[in-house]
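**Q** Let me give you the structure first, and then I'll get to my questions.
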Protein chains: 2
Amino acid sequence: MKVNEIGEIGLINRFSKILRSEYLGDDCAVLDLGEDYLVVTIDMLHRITDFPYEMTPYDIGWMSVAVSLSDVASMGAKPTGVVAAVGLPGDTEVEFAEGIISGMSECARSYGTEIIGGDTDQHAELTIVTTALGRVDKDKVKLRSKAKVGDLLCVTGYVGTPAAGYKVIIEERAVPEDDKKLLSKYFFKPMPRVEEGIKLSKYPFVTSMIDMSDGLGKSIYELSTASDVGFLVDADSLPLRPETIRLAKDRKELLEMAICFGGEFELLFTVSPDKIDDISDVAFTIIGKVVEEGLTLDDKGKRSEIVCKGYEHLRKKRNDVH
Amino acid sequence: MKVNEIGEIGLINRFSKILRSEYLGDDCAVLDLGEDYLVVTIDMLHRITDFPYEMTPYDIGWMSVAVSLSDVASMGAKPTGVVAAVGLPGDTEVEFAEGIISGMSECARSYGTEIIGGDTDQHAELTIVTTALGRVDKDKVKLRSKAKVGDLLCVTGYVGTPAAGYKVIIEERAVPEDDKKLLSKYFFKPMPRVEEGIKLSKYPFVTSMIDMSDGLGKSIYELSTASDVGFLVDADSLPLRPETIRLAKDRKELLEMAICFGGEFELLFTVSPDKIDDISDVAFTIIGKVVEEGLTLDDKGKRSEIVCKGYEHLRKKRNDVH
């Protein structure tokens with residue numbers, strides 16, 4: 001069997017059996033430093049699936065660091081360093097390469113950290129791998145595995161914006177110029193929720209957290225698997241930008257964009273219902289609740305199974321709707 | 001100007017100016033954890049330049065982890081975790097992928113650590129990036145920058161073995177069967193000097209250290225730049241396996257193999273001459289000394305400049321002699 005037949009989840013399951021490591025299963029591995037935890041993540045991005053030619057080198061560098069910082073954010077950790085391996089085609093202009101490094105550096109610095117090391121290599125396809133490190137108090141780390149039945153499901157910011165950006169920029173769907181401007185901004189320069197993650201880590205009643213880089217649907221799936229629970233999502237509660245709503249052809253497409261699309265940089269988390277009003281310093285939206293089993297979408301009383309598992313890197317291209 | 005015209009060193013110099021980070025310049029970045037240091041490194045390997053088709057998937061995995069552990073070793077640190085990003089062509093057999101993960105896992109476990117996290121992705125070219133973490137006491141960390149004039153230059157193990165392996169396996173040079181067997185073993189399953197690095201870190205009179213993944217010549221160049229010193233290397237002192245000596249066509253080729261070839265997994269370090277006899281628990285060879293300036297090879301009284309800078313990833317293929 002080939003890896004593109006088994007898919008990413010199948011492959012990861014097989015790899016996990018070989019690795020037999022207690023560290024696997026969250027957005028970051030967690031290492032005990034004694035006083036606190038070190039979290040560490042690694043992400044591979046490359047030209048064909050992650051860097052459309054509409055992106056500037058600066059955007060490419062920014063995006064590469066942002067994806068790793070988003071993983072650190074999802075653990076409630078404070079970033080403490082990023083290392084990056086950059087594989088460049090030999091005929092890349094030096095200025096282009098410098099643009100990538102500038103974007104990487106500025107993204108890291110925007111979040112209070114920096115690029116502390118790296119490796120450069122010649123590679124047929126532009127390939128960037130980043131590792132972000134972070135630290136978090138032991139009693140504050142957030143995992144995927146602690147969601148409880150009855151908890152409320154919450155998300156920072158909006159969902160569906162990367163999908164809308166993809167449709168405007170890559171598929172060239174016609175929208176008002178102002179909408180295009182805004183959607184491009186979020187598509188090319190995503191802002192990982194580092195501050196929000198750190199703030200949410202302080203609340204012991206935030207029971208689980210995950211970033212949404214693979215989309216809402218897959219993130220819910222991951223939470224459900226790790227916590228052995230189900231989710232009921234209320235379609236009408238999904239926070240959508242007006243630009244996203246205007247762009248969608250119909251409600252079906254709108255919900256697909258909101259649920260089955262990768263590239264989101266928001267945090268998805270669960271909260272004990274009796275304490276949720278105590279979260280005073282983070283803007284978020286309640287989009288559903290934790291139930292015994294199943295991944296269900298309630299759209300004005302009509303219920304359906306959330307079947308998309310979000311982006312499967314080994315099967316489809318990034319940002320494909322599926 | 002293109003990146004393959006400027007070369008790896010030129011590019012890294014440009015990147016360093018953009019990053020303005022105090023952490024750059026050693027085999028690993030060093031982060032202050034309060035009580036001790038965390039060291040972190042990242043290395044990109046890929047099919048065309050690093051994984052000849054003679055390698056098994058297990059070898060590929062082993063090699064990918066070994067290169068990062070070698071960086072940790074060069075700082076005198078104890079490995080505490082490895083994360084890896086694995087980009088696989090879609091038509092890769094699942095068994096092949098599992099073989100890679102087995103090799104990675106066993107290499108990490110052989111050195112007292114494990115694969116604690118990762119990322120999988122579809123990639124046109126098999127590409128593996130590893131990040132290794134380590135910890136070292138603050139007063140024991142070894143850097144490239146502290147070599148002093150008068151120090152002795154030392155190396156663990158042998159030099160030239162990867163070059164000999166390359167010539168036998170890739171260039172198919174005819175050698176006795178036993179020689180081929182031994183050279184293949186070291187070529188396919190290199191052993192980073194983790195234990196030796198930890199032991200050497202305990203000696204305050206070991207003034208600088210670097211791994212030799214880019215070859216002796218480039219490693220000396222890196223030490224000389226970081227410490228602002230020169231080196232005088234004695235050709236007759238270079239520790240060479242009998243198999244390597246037998247394989248070389250002539251002395252010129254032998255010295256090229258020993259000095260100008262990448263893929264070495266030994267540690268190169270400098271030691272205060274009056275204390276060198278105190279190193280009782282590590283096998284090593286004195287191959288030269290630190291001088292005011294210049295990189296000079298003394299071959300039976302005939303002196304020449306060491307001009308090879310070792311492997312430049314952005315110009316040549318790995319293991320090319322140049």
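From the backbone N, Cα and C atoms, a Cβ is placed for every residue, glycine too.
Below, the features straight out of TrEMBL:
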type	residues	note
DOMAIN	A:25-136	domain 'PurM-like N-terminal'
BINDING	A:Asp27, A:Thr41, A:Asp71	Mg(2+) 4 binding site
BINDING	A:Asp27, A:Asp71, A:Asp211	Mg(2+) 3 binding site
BINDING	A:Asp43, A:Asp71	Mg(2+) 2 binding site
BINDING	A:Asp43, A:Asp119	Mg(2+) 1 binding site
BINDING	A:Asp50, A:Tyr311	substrate binding site
BINDING	A:Gly118, A:Asp119, A:Arg144, A:Ser213	ATP binding site
DOMAIN	A:148-294	domain 'PurM-like C-terminal'
BINDING	A:Asp214	Mg(2+) 5 binding site
**Q** Specify the nearest of the binding-site residues A:Thr41, A:Asp71, A:Arg144 to A:Asp211 (Mg(2+) 3 binding site), where nearness means the distance between Cα atoms.
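**A** Comparing Cα positions, the candidate nearest A:Asp211 (Mg(2+) 3 binding site) turns out to be A:Asp71.
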**Q** Between the binding-site residues A:Thr41, A:Asp50, A:Asp71, A:Asp214, which lies closest to A:Gly118 (ATP binding site), Cα to Cα?
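**A** Sorting the binding-site residues by distance from A:Gly118 (ATP binding site), the top entry is A:Thr41.
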**Q** Can you grab the distance from A:Asp43 (Mg(2+) 2 binding site) over to A:Arg144 (ATP binding site)? Cα atoms, rounded to a whole Å.
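**A** About 18 Å separates the two Cα atoms.
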**Q** Tally every other Cβ atom lying within 10 Å of the Cβ atom of A:Asp27 (Mg(2+) 4 binding site).
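**A** For A:Asp27 (Mg(2+) 4 binding site), the 10 Å Cβ neighbour count is 26.
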**Q** Test of understanding: give the count of other CB atoms lying within 10 angstroms of the CB of A:Asp43 (Mg(2+) 2 binding site).
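**A** Total other Cβ atoms inside 10 Å, all chains included: 26.
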**Q** If you count other Cβ atoms within 10 Å of each one's Cβ, which of the binding-site residues A:Thr41, A:Ser213 has the most?
**A** A:Thr41
**Q** Name, in the order they occur in the sequence, the residues of the same chain whose CB lies under 8 A from the CB of A:Asp71 (Mg(2+) 4 binding site) and which sit 6 or more residues away.
**A** A:Asp27, A:Cys28, A:Val39, A:Thr41, A:Asp43, A:Ala132, A:Asp211, A:Ser213
**Q** Whole-number Å only: compute the distance from the Cα of A:Asp119 (Mg(2+) 1 binding site) to the Cα of A:Asp50 (substrate binding site).
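**A** If we compare the Cα positions of A:Asp119 (Mg(2+) 1 binding site) and A:Asp50 (substrate binding site), the gap is 20 Å.
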**Q** Below 8 Å Cβ to Cβ and six or more residues apart, same chain only. Which residues does that give for A:Arg144 (ATP binding site)?
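**A** The list for A:Arg144 (ATP binding site) reads A:Gly25, A:Asp26, A:Asp27, A:Ser208, A:Met209, A:Ile210, A:Glu222, A:Leu223, A:Ala226, A:Ser227, given in order along the sequence.
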**Q** Just name the binding-site residues among A:Asp27, A:Thr41, A:Asp43, A:Gly118, A:Arg144, A:Asp214 whose Cβ comes within less than 8 Å of a chain B Cβ; none is a fine answer.
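**A** Checking chain B against the binding-site residues, the residues within range (Cβ-Cβ under 8 Å) are A:Thr41, A:Asp43, A:Gly118.
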**Q** Could you please provide the mean pLDDT value for the domain 'PurM-like C-terminal' (A:148-294)?
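**A** Looking only at the domain 'PurM-like C-terminal' (A:148-294), pLDDT averages out to 96.
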